[in-house]
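Below is one structure, written out as structure tokens; the observations come after it.
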Amino acid sequence: MLAISSSSLVFITKPSKCTISSALNPIFPKIRSSSVAREAVVEVDFPAIKAAKRVVLVRHGQSTWNAEGRIQGSSNFSVLTTKGEAQAETSRQMLLDDSFDVCFTSPLNRSKRTAEIIWGNRKEQMIPDTDLREIDLYSFQGLLKHEGKEKFGNAFRQWQLDAPNFVIDGHYPVRELWTRARSCWDKILTHQSKSVLVVAHNAVNQALVATAIGLGTEYFRVLLQSNCGVSVLDFIPRAEDTSPYICLNRLNQTPNSPIAGGSSAGRKTSKRIILACHGSLMNNVEANFSLLGNQPLSMLGSIQSQKTAELLLDLKVNTVVSSPGKASTETAQIISKVQETAESLGADSVPRYVDVKEMKDLDVETMLGKLKQEATVDSILQPKLLDGLGNRMVSPVWDQTGKVWRTLLDELSDPSETVVVVGHPILHIALMTHCLNLSKEWIRSFHLDEGSISIIEFPDGPSGKGIIRCINYTAHLGRSRWSIPITKPTMDEKDI
């Protein structure tokens, strides 16, 4: 089912079961070498829910062992550093306007302390859950990374390069973690609450996100979780009282700007694709929803695009690739002008031209415009009709964006280190699923707001695996850290 609001685009998973790939198939295929999208082979039921539930995941702040470069695993010797305490306080401010019914937390000190800071003066219950502890790494725990390499040799290399098949002390840690994360969802979803905060760790939060939307162990280290990074999942009840619809609303919204970069899965990266959604459209109010047609930016949309351009000033952008849609080209021009103006402020500066390339194949607005012509606003909001039209729209968008993705990878070659792609939220959702080598059905598992950015990094270059640094980052758009409080429903329950 495709659910629509006036300021965002949401695709909600259609299957009644959560699909999880076999842990025995850890190879992550590359989009260049295979046109076959990943398909799930195991189906797992989630508990039915009676009301919409939003789950907010937070990783703990920097710990002493993070700072030292030690392998922590599920050990409980490290504590938050001063920086980690400050990160947790920033996360508290990010979530200050949000209401939560309960907080589940890992019992480990670094996570428990982060939860206490974020929870502040709230009176609601905090529940420690041992299944939320970090990944069990057995003999690796406590070692500096170079010590692990020296002591364990091939095993440490396997941990770095083939984590799903990594074995230590007779255990498969990543496979065990995925099983444990699945168990956590049973407890979270059966708890009588509508808004849940979960404070835990890097690997377990990755596993929670992955198992929720149906991704297997081969996606370990693909969905980044920075210190105090926040991810949001929406669970929507189904009328037939079966597994809920599930949507990844945000991934890894951090206290600091994601543009600042850092490491991807422990490795430095300079190659990235930034997916920038255009801002709010002129006729949103008239049309009652934002995703249809080819409209220019509204005044709010121009402001949002300006804020996106300012966020990107930490990068030197030479090329912006844009959809030919009006809102997208306006946003791309705003980004280019801000980049050029900033470069020319110094007395000895040399004027720089930012190339804006319109790419016809990025045009999903025309397809969406046809949808607008085929149904009235009132009738399209009927779930059954909307579901059928949604299915009809997914295939052409999917086919078209597959070619685009390969073109963008070619664009991401020397001397280009960053490619900014401006377009419609549907376009960017499709591109992310191509990056993850998923099939078209996964398009329904992601959400993007207008004016948001999402970042894909390539630590092994554009021919290697894409790592998702963040999805639906919106902190730059509003006075608070979110464009709206994250526990505010994406849509009215009556519209679900």
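Every residue gets a Cβ built from N, Cα and C, even glycine.
All annotation found in TrEMBL is predicted automatically rather than curated by experts.
Neighbours of His60 (active site, tele-phosphohistidine intermediate), defined as other CB atoms within 10 A of its CB across all chains, total 33. The feature active site, tele-phosphohistidine intermediate is assigned by TrEMBL to His60.
For Glu134 (active site, proton donor/acceptor), the count of additional Cβ atoms within 10 Å of its Cβ stands at 24 [all protein chains shown]. Sequence annotations record features per position, and here TrEMBL assigns active site, proton donor/acceptor to Glu134.
If you look up TrEMBL, you'll see Arg59, His60, Gly61, Gln62, Ser63, Thr64, Trp65, Asn66, Arg110, Lys145 marked as substrate binding site.
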If one measures from the C-alpha of Ser63 (substrate binding site) to the C-alpha of Glu134 (active site, proton donor/acceptor), what distance in angstrom results, rounded to a whole number?
13
Separation of alpha carbons, Glu134 (active site, proton donor/acceptor) and Arg59 (substrate binding site) (Å):
10
Glu134 (active site, proton donor/acceptor) and Trp65 (substrate binding site), distance between Cα atoms, whole Å:
13
Alpha-carbon distance [Arg110 (substrate binding site); His60 (active site, tele-phosphohistidine intermediate)] in Å:
6
Can you grab the distance from Arg110 (substrate binding site) over to Glu134 (active site, proton donor/acceptor)? Cα atoms, rounded to a whole Å.
11
